[in-house]
Amino acid sequence: VGFKAGVKDYKLTYYTPDYETKDTDILAAFRVTPQPGVPPEEAGAAVAAESSTGTWTTVWTDGLTSLDRYKGRCYHIESVAGEENQYIAYVAYPLDLFEEGSVTNMFTSIVGNVFGFKALRALRLEDLRIPPAYTKTFQGPPHGIQVERDKLNKYGRPLLGCTIKPKLGLSAKNYGRAVYECLRGGLDFTKDDENVNSQPFMRWRDRFLFCAEAIYKAQAETGEIKGHYLNATAGTCEEMIKRAVFARELGVPIVMHDYLTGGFTANTSLAHYCRDNGLLLHIHRAMHAVIDRQKNHGMHFRVLAKALRLSGGDHIHAGTVVGKLEGEREITLGFVVLLRDDFVEKDRSRGIYFTQDWVSIPGVLPVASGGIHVWHMPALTEIFGDDSVLQFGGGTLGHPWGNAPGAVANRVALEACVRARNEGRDLAREGNEIIREASKWSLELAAACEVWKEIKFDFEAMDTL
């Protein structure tokens, strides 16, 4: 007897409300907006089918395998409160659908062709549950939070950084000079901007050399370990690794990668190199808003953050809550705990759809960067806590007296906030007063307070629950 050819509804095969999820399943929560006339069960089943074993018609080769073993299943659908014709579809994928240790392969299935599917008006991946059985196939961050603190010998406070500006156009020597001034003033790190790679005005090798000189000079003067995120992102993986090798030969502590524009395969390769060679890895998320900013289509940043923790990175930019870039407080804190903690409970108030157990994968330091200055320091210290990197680009280099005084102002403000917190003061309520008190003892901080006293970026956050 021949097989039964023809087209049948996805929901007959892929919508299984009685399915009990397994501990080894990868679980996904999709925000589905079906086309008019398409029932939610059919839309959810279509997502499960098209992101796993299904295609638009029955094919005779289905008989050569066990679809029951390999198919994705839509096991639950709930409507989204306050939205018409929008649903959260929960899909379970058997572990065997995915190559071990490959974020690239996981995403090619789960967020591949299905996002262009005609029966859906829009589709957004809100969250993923990565089971320990799959997590253990990844190396994860090259070093993690504790190893980084031990390497740098810095404890009990957030780390301070600064992106060198103007981001494009400086010569390598002037760039190195700016790095030196910031590190000498009291910052822990300076940073290449994400789009600084190897342009005609400043080739990568020259920049690496002058930055290394700046690091060593600042370390000698301050007695503290310093670093500069040398951006190894390049047009090919081979060139990227070549740059990381040169950084290692210079003896610097950290390199950097733009993981979304560079791609997950390149990122994982670099993370492996960094662990093998004792380099920390700073991750910039350039391009994330293309993927995550629309509420009804794309992929939420918490998924990109989880993917980065698997692929590997020791720092990642995670919004500021208070600065110039997008980030609502509870949602930002949601992916901050997903980056740092070993075990994260489901918490829908923070947008966390699944309990996530990271087993032995190290944590990632969230980086707050973008439009922040000394008046934000109390809020940042309270929101992000000690295990974070606070990055002030304009908030350092924009100081009226120059880079080193700008760095001094930030370091004094941070030390004042940490001390006040440790003494039991309420940073949220007394923040401005704490900064004012500290500025009496630091002319640099007083000047910074004066310049930025009125600056605010007040817009509604797009990324709401």
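Cβ from N, Cα, C; glycine included.
Other C-beta atoms found within 10 angstroms of the C-beta of K165 (active site, proton acceptor) number 16, with every protein chain shown included. According to DSSP, K165 (active site, proton acceptor) is assigned to coil rather than to any helix or strand. What Swiss-Prot lists as active site, proton acceptor is K165 (among others), and the listing cites sequence analysis.
Annotation comment: Swiss-Prot describes H284 (among others) as active site, proton acceptor, evidence class sequence analysis. The DSSP secondary structure for H284 (active site, proton acceptor) is strand.
A simple way to gauge crowding: the CB of K167 (substrate binding site) has 14 other CB atoms within 10 angstroms, across all the protein chains here. The feature substrate binding site is assigned by Swiss-Prot to N113, T163, K167, R285, H317, S369.
In this structure, K191 (Mg(2+) binding site) is part of a beta strand by DSSP. Taken from Swiss-Prot, the feature Mg(2+) binding site applies to K191, D193, E194.
In the three-state DSSP scheme, K4 (N6,N6,N6-trimethyllysine) is classed as coil. All protein chains shown were included, and the count of other CB atoms within 10 Å of the CB of K4 (N6,N6,N6-trimethyllysine) stands at 9. Under the heading N6,N6,N6-trimethyllysine, Swiss-Prot lists K4.
Sequence-distant contacts of K191 (Mg(2+) binding site), defined by Cβ-Cβ distance under 8 angstroms and a gap of at least six in the same chain, are G161, C162, T163, I164, H228, Y229, M256, H282, Q391, G393. The N6-carboxylysine annotation in Swiss-Prot covers K191 and rests on sequence analysis.
If you look up Swiss-Prot, you'll see K324 marked as site 'Transition state stabilizer', on the strength of sequence analysis.
Neighbours of E194 (Mg(2+) binding site) among the recorded positions K4, K165, H284, R285, H317, defined as a Cα within 10 Å of its Cα, are H284, R285. Cβ crowding, taken as the number of other Cβ atoms within 10 Å, peaks at H284 among the recorded positions H284, R285. The number of other Cβ atoms within 10 Å of the Cβ belonging to T163 (substrate binding site), over all protein chains shown, comes to 24. Highest Cβ count within 10 Å among the binding-site residues D193, E194: E194. Close to H284 (active site, proton acceptor), meaning Cα to Cα within 10 A, are the following recorded positions out of K4, K165, K167, D193, H317: D193, H317.
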